[in-house]
Each structure stands twice: as C-alpha cells, then as structure tokens.
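Asks: Per TrEMBL, the features are:
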COMPBIAS  1-15  compositional bias 'Basic and acidic residues'
COMPBIAS  16-25  compositional bias 'Basic residues'
COMPBIAS  26-40  compositional bias 'Basic and acidic residues'
COMPBIAS  41-55  compositional bias 'Basic residues'
COMPBIAS  90-107  compositional bias 'Basic and acidic residues'
COMPBIAS  108-127  compositional bias 'Basic residues'
COMPBIAS  128-140  compositional bias 'Basic and acidic residues'
COMPBIAS  141-158  compositional bias 'Basic residues'
COMPBIAS  159-172  compositional bias 'Basic and acidic residues'
REGION    1-172  region 'Disordered'
Amino acid sequence: KKEKRRETRKGEKREKREKREKREKRKGEKREKERKAEKREKKRKEKRREKKRKEIKREIIEKKRKEKRREKERKEKMREKREKRKREKREKERKENKEKSENERKQEKRAKKRKEEKREKKKKEKRREREKERKEEKRREQRKGKKREKERKEKRREKRMEEKREEKRNER
C-alpha cells in the first residue's frame, strides 16, 4: 500500500514538473516572439524615418535648384533689358548727334561724363553697402547656428549624465 502511494506521489510530482516546464517553455517562446516583433517594429520605424529624412533632403536640393534657376533667369532678363536700353540710347544719340553742332556736343559730352562718373560712384557705394550688409547677415546667421549647436550638445550631455546617475541609483 505504502509503495503504491509513493508511486502515485512520484507520478503527480512528475506531472507537475512537466506542466511547469511546458508553461515556462511557452513563456519563453512568447517572450522571444515579442522580442522579435519589437525588433521588426523598430526596423520599420527606422526605415520610415530614413525615408522621411531622404525626402526632406531631396526637397531642399530641389528648392535650391529652382532658386538658382530663377535667379539665373532674372539676371538674364535684366541683362537683356540693359542691353536694349543701351541700344535705344545709342540710336537716340546718333539721331541727335547728327543735328547738333560740334561744340555743343563736346560740352555735353563733358557734362555727361561727369554725371556718369557720379552715378557710377554712387552705384559702387550702394553695391559695397549691400555686400557689407549681406556679409554681416551671414555672420549673424552662423553665430546663431553655432549657439544652437552648443545648446543642443549641452542638453545631450546633461541627459547622458542624468541617465548615468539613474543607472547608479538603480544598481544601489
């Protein structure tokens, strides 16, 4: 009788053990499945992020290209206008010159030259001013960018420090 009871107890223990092992195996498999799913999700997110980044980069390049083309066209138009004006001016002068006497022409030429020189001087001064302003603006922008970058680095550093402190706290 005692022997029989021992056998049944042994069988029950074995069954319990086998059940427990099955349960643990299932748990392990579930965990593994979840881990794989997380990995897949992470990969997908990273891919999406990369795609977005590329799209933004492409848009920026396209925008710059368009801007350049527009600028080129604008300059070309201006050049054509200038040349047209010059042509018309020359034509007009030619007509007028035929009608004027030599002396008058000489006087007017001198006056015109002075006026032209003055105008050129003013133009040069204006151009110099614009260039100066543009350089100053560029410098300001660069300084701003550097400052922003510095702040970003500082924030990152603080975050890392905080994480290290948190790890130490967790270890204790």
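Quick reminder: no glycine exception, Cβ is built from N, Cα and C everywhere.
Predicted automatically and left uncurated, TrEMBL annotations should be read as such.
Show me how these features fit into the shown structure, please.
Replies: Tertiary neighbourhood of the compositional bias 'Basic and acidic residues' (26-40): none, as no same-chain residue meets a CB-CB distance under 8 Å with a gap of 6+ residues from either end.
Here the compositional bias 'Basic residues' (41-55) has no Cβ contact under 8 Å with any residue of the same chain six or more residues outside its ends.
For the compositional bias 'Basic residues' (108-127), same-chain residues at least 6 beyond its ends with a Cβ under 8 Å from one of its own Cβ atoms are 100.
Beyond the compositional bias 'Basic residues' (141-158), no same-chain residue lying 6 or more positions past its ends has a Cβ under 8 Å from any Cβ of the stretch.
Taking H, G and I as helix, E and B as strand and the rest as coil, DSSP gives the compositional bias 'Basic and acidic residues' (159-172) the counts 13 helix, 0 strand, 1 coil.
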